[in-house]
Structure formats: structure tokens, C-alpha cells
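Annotation source TrEMBL lists compositional bias 'Basic residues' at 232-249. According to TrEMBL, the feature region 'Disordered' maps to 221-264. For 12-35, 55-73, 85-101, 154-176, 295-314, 326-344, 356-375, 434-452, 464-481, the entry in TrEMBL reads transmembrane segment.
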Amino acid sequence: MMIHWFKQLRSAFGVAFLWLVCLIYFTQGFRSFVWTAVSYQLKDRLQLSPSASQFVFSVAFFPWSIKPLYGIISDCIPIGGKKRTPYLVISTVLSLVPWLLLGLDSTSRSSSLYLMIFLTVQNLGSAMADVVIDAMIAEAVRIEKSSFAGDLQSVSWFAMAVGGICGSLLGGYALNNLNIETIFLLFTVLPALQLLSCPLVEEIPSNEPLPELLDSNEFEEKSKMSNDTYPHTKKSNTRRRKGQKKGKKGASSGKSETHKKQSKSLASKLFQSLKAAALELCRAFKQPIILRPMAWFFIAHITVPNLSTVMFYYQTEVLQLDASFLGTARVVGWLGLMLGTFIYNRYLTNMTLRKSLLFAHIGLSITILLDMTLVSRANVGYGVSDKTMVLFGSALGDAINQLKFMPFLILSGRLCPPGIEGTLFALFMSINNLGNTVGSFMGAGLASLLGISSGSFENMSMGLAIQVFCTYIPVLFLFLIPKEATGVSAS
């Protein structure tokens, strides 16, 4: 059955395309292999405080918050007549080079500033590759067989999950047996393989220098007006050439002026196309039916300080949990994520999104209470080991976060108007990522304010108590979510 399904996908999209999709998403998931090493580099080698480490992570992951920018640029500015593969090559190089430099140059990985810059560049490449491959999937589905849209998405999610599980398992093992610089170099194998695979996929060059982005009436009119000027320009150039047959100098001057005007015309078209795409995106986003739900998801992130890095320090320094076990905990987290997806799709799609989001935040507060139990050492009194608490908390936390993320995906898919689905969906994801980044900054600030640092966790329970309180703030804003919206029917 599975083999027959894969053969159908292969015949529809080709082996090279499926290989590239699976490789990119596997690499995205496998990033846990190297980012675990980054956490230990910041903690053990650079000896940064929990708040400083969290600040570095927050800055480094900012490129994921501006994903629509990459989509607009690749849509509006083709390279060599192609909109996807050149940008995929560029993004892969940006993903590859930083890890190569960090592995080979001890100075770059021994400075928190240099390390933060390289990590930011690497995330820029990963985020751009994510946008480009999503666009390629959308185009392949539209051009080939739309009936395979869900199957192709399933393949990509499965590849990322497998990558995440493998990266988490191998990352812990590698940290116990290899140097951190060796781990950085080992990870470069995947982006290098991705770079070699890019030419295998043939992209049909665009006949037009710019894509057809002007779908709205406002920009359609501008496009018509712009197109009407070109025949006019051609006639003018023809007259100029006819009038300049008297000498070679005049002909050369005419060609130069024509070339300059064509360059200006192309630059003008590029600018107008970028402007049109940005304006149309802003106009769609400002509609209340879109703005209000996205505002809630943003509020839900920025009002809850993220203390994950602080907990990492506590688990490694106080609980003495090693890298292999923490890698296993991440695997359990991935399994919890998949379980959360199954539970939502199987049992919660008929529930209103307001109610499911309310339950998700109640569940998140419970996971924080589990962390408070761990920090207070109350679990030891009941005979529950620290490792059991961490494993259970990881599975439960990731499952509940997925229960919260599923309504976000559902609303995002429904709210995207025709014509700009890909770019607007990238904007929605960027809002989610930006909210996570701001929440991480908030967590770093809270840890610094409470004086939580390496070897000093006296105020850890207070920080977690504040986090529990903040978890219920977004509940007050649930009126922003459409009242009757569920997982199966629009409001």
C-alpha cells in the first residue's frame, strides 16, 4: 500500500523533486542535532548566563520572523529567468558556510558576538529555503496534480519529524563522544548534499521578467497602464533609429539611450511589482477577519515569557542530566507533537477554536506547574524521579503546544484570500515566529530581573509562577477569535 502510494507520488512529481523536498525538510528537523551543541557551547565554553544565552537565541532566530520578505523577493525578482532554484542555492549556501566557519575557526565560536552573527546568517538561509521549497510545492501541486496536495504536505511533515527524531537522538550521543567543532562540521554534510541536489530539479524559466502579482483591481489597472506604454516606446525608438542613419556615432548614441531606457523600465517594473505585492499583502492583512485572529496569536506569545533556556541550565547544572538523556527527551517531545496532531484531528475538530485554545492554555499552565514541582523537588518526596518528570513534561508540553498550533494552521489556511495564499501564509507564520522571539526576549529579561543565573536558581520558582500567571492573559483576548469557528467549518 505504502509502496503504491509512493510510486504515485514519484510518477506525479518525479524522483528528483521528491528527494529535494524530503532532504530539505529532513534537514530542518535534523537541526536539533547541531543546535543542542550550540546550547552547550554558550553554556560551557562561553559561560554565558541563562538570560544572555536566551538573548543570543532570540536574535539568531529573528530571520524566521520576516519570511514574507523572502517570498516577495523571489516572486518579484527572478534570477536568470528563474524564481526558485537560484534562491534555493543562495539560501543553501547561507545555511552551509556559517557551520563550516564555526567548525574550522576557533575564534568565531569562542566569541558570543561572532557566534550570534553566524547563527543569524544560518537561520536566514534556513528560513529562506523553507519559503522557497513551500513555493515550489505549491507550484508543483498546481501544475501537476492538485489531488496530491495533502500527500505532498504529509511527506514533508513526515520527513521533518524523522529528521527531528534522528537529530535529537544523535545529537545527545555526539555531545558525549565528539568535540563541538566536529559536530558543526558533521552537520555541513546535509546542506552540502542539498546544494548538490538543487540542479537536479528543473525549473521552467519564466517568460516574463516579473511574475503576475497584480491580481487586485487597483494594481491590475496600473499594470494595464504600464503595458500600454511599451508599444509607444518601441515606436519612439524606431523613429530615433531611422533619424540616426546619418552616422555611426548617432546610431551608437541611440542604442545607448535605448539600453538606458530599457534598464530604467526594468528597474521601474521591479520596484512597482515589489510595491504592489507589499501593498496588496498589507491591504489583505488589515482586514478585521484576518487582523483580529492573528493579533490574538501574537498576544498569546508575547505575554508569556519563555524560560526554556533557563530550564535547560537548571536541568544540566542542578539535576545533572546529560546530553544523551536530553536528546531522548526531545525525541519524546517529537512523539508528543505527533500525538497532539492525531488527537486534534481525531477528536477536537468539531470543538470551537475558542474552547480548544482555552483548554490549550490551561494545559500549558499545567506543564509549567510540573516544572515548578521539579524545581521545588516535591517529586522526589512522592518517589517520582527527575528523569520521569522531564520525559513526561516534554511529551505533554509538545503535545499541548501542537493542540494550540493546529487552530493557528486552520485559521491561517481559511483566511488567505485567493492569489496571495503563499505570501500571506508566510506572513502568518512569521507573526507566530516573531511572537516566539519576543516571548524569548521577555523570558531573558525576566531571568535577568530575578537574578537567575548559572549556579543561582533561588528565584526559579518565582519566575515559573509568573509564567503560570501570564499563561492566562491571552484567555482574556479570546474574543478576537471568530466565535463559531471550528476545525471543520468556517464561522
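We count from 1, first residue shown onward.
Cβ coordinates come from backbone N, Cα and C, glycine included.
Unlike curated records, TrEMBL annotations are generated automatically.
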| task | Give the one range among 295-314, 326-344, 356-375 whose Cβ atoms make the most pairs under 8 Å with those of the transmembrane segment (434-452). | result | 295-314
| task | Would you mind listing the long-range same-chain contacts of the transmembrane segment (295-314), meaning Cβ under 8 Å and 6+ residues beyond its ends? | result | 39, 43, 50-51, 53-54, 57, 326, 357, 361, 364, 371, 375, 404, 408, 431-432, 434-436, 438-440, 442-447, 452, 454, 457, 460, 463-464, 466-467, 470-471, 473-474, 477-478, 480-481
| By a Cβ-Cβ criterion of under 8 Å, what residues six or more beyond either terminus of the transmembrane segment (326-344) are in contact with it? | 32, 36, 161, 164-165, 168-173, 175, 312, 315-316, 356, 390-391, 394-403, 406, 487
| note | Sequence-distant contacts of the transmembrane segment (12-35), meaning Cβ under 8 Å and at least 6 residues beyond its ends, amount to 95, 99, 126, 129-130, 133, 136-137, 140, 144-145, 148, 152, 155-157, 159-168, 170-171, 174, 183-184, 187, 190-191, 193-194, 197-198, 200-202, 330
